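Below: one structure, written as structure tokens.
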Amino acid sequence: MSHLITCVVFFLLAFVTYTHASGVFEVHNNCPYTVWAAATPVGGGRRLERGQSWWFWAPPGTKMARIWGRTNCNFDGAGRGWCQTGDCGGVLECKGWGKPPNTLAEYALNQFSNLDFWDISVIDGFNIPMSFGPTKPGPGKCHGIQCTANINGECPGALRVPGGCNNPCTTFGGQQYCCTQGPCGPTELSRWFKQRCPDAYSYPQDDPTSTFTCTSWTTDYKVMFCPYGSAHNETTNFPLEMPTSTHEVAK
């Protein structure tokens, strides 16, 4: 009997811990167009019409995680197709990272000192305005951030691509822009992004001004595409929809 009671107590404690654990992400589409949300290594993908939300849970220890939006997608009944921006291997349910340009929400949960680390990054370029942050802000750098400038409309010509604005590393490559072989600093082009989105990663070693933290196990998060007041809420700035097949997946 004592063994049974112990098992029941352990189960209840585990249930309470799971149901009250942090790491719940809401992804909300406030854009006046369809966004195909994507998330890896947990989440996958989901089609979101304007005003729709998608929730998923990421377990403690999740790292190198990304959430982004894909635009102008066309998928068949098997979830295979193509997206103009943010495409992840031609599938609705993403397993790998998206193809630039794509505005990124990045996070790592329950890391050292029991902290969650998270950011918005334009290192892979920009396609959709975004806000990202804790649902209940805390002290220090535990507060919401956003990247909502009209980057697509003002994008330098060399970085401009259909549906978005590429980062210089994607366009030109090399140590100067990609920082793959040691220390590097900002460039004229990375400063262009930083001036418009001061809280976002603009080049790979832009850590001091671009990394935010919250206490693990007490925080849930929300990503919003086209947050209120963003430039791309205006109908003159959002991408045009591609014709869709009659078999397009709507999840």
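Cβ atoms are placed via backbone N, Cα and C, with glycine included.
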I want to verify the bond table. Which candidate from C7, C31 sits on the other end of the disulfide that TrEMBL records for C226?
C31
Going by TrEMBL, tell me which one of C179, C184, C197 is disulfide-bonded to C147.
C197
C165 (disulfide bond): which of the disulfide-bonded residues C73, C83, C94, C214 is the nearest Cα neighbour?
C83
Disulfide-bonded residues C88, C94, C147, C179, C184, C226: which have a Cα within 10 Å of C169 (disulfide bond)?
C179
Out of C73, C88, C178, C184, C197, give those disulfide-bonded residues positioned within 10 angstroms of C226 (disulfide bond), comparing C-alpha atoms, in sequence order.
none
